[in-house]
């Protein structure tokens, strides 16, 4: 077993990052609320806040795995497991929803594929939560509360999203290439594609770890999966935050006219108006 203080340090760092990202996203949403009137974007932003809150709650739950009774252990893993199996699939749902909002003029096949991905993501989420709560068991071993997972259910909850990730990344790449030809949402779709790809790579590592291809002490599984969850939650929020600060920097770098230039322009405008 890894030292308890190591777990606490890693989980505490993840919790701090999640809280910072949540506060930055809420501030960004507040500042852009007047310009973002589309209902689709409002629902996506609300979903991002929900995902970050779920990730925070799940991370806090992982900090209390020691000195628990059998009943407390059972309840804790049901709640934390439900949060994890809600957060990670829902991040995929939000990536697809953002793809749909950005790609406002899709062809018929694109629309069918995008909404098919969205429905598939919802089915994976619901099935993962139901199967987990039916099969998960908690046990206290050596004063540490551990989860006993069914191998088939674990494979489903870890592998199924990875299959969806491939299709989602292909669609994001195609929309990204279309966005490069115009200025609309170009930076947002680029950062969204980059973070979605990074999130999917991390998910692939989880699959390889669970399948035993990448050797990792099972005692570290909880910390690793909590890290994946935190990264996923941040990956859907960070593109919006980055775009906000990038736009702010561009505005601050705009050339400012000196007083002489301003007076010259004013005199020219006055002369033109006098002639008219």
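Just so you know, glycine gets a Cβ as well, placed from its N, Cα and C.
Source: prediction; values computed, not measured.
Among the residue ranges 115-136, 247-268, the one that TrEMBL annotates as transmembrane segment is 115-136. In this chain, the transmembrane segment (76-95) lies in contact with the transmembrane segment (156-175); the count of Cβ pairs under 8 Å, excluding pairs fewer than 6 apart in sequence, is at least 3.
Long-range Cβ contacts of the transmembrane segment (187-214) within its own chain (Cβ-Cβ under 8 Å, at least 6 residues beyond either end) map to 88, 91, 95, 98-99, 102, 154-155, 158-159, 161-162, 165-166, 168-169, 172-173, 175-176, 179, 221, 224-225, 228, 231-232, 235-236, 238-240, 242-243, 246.
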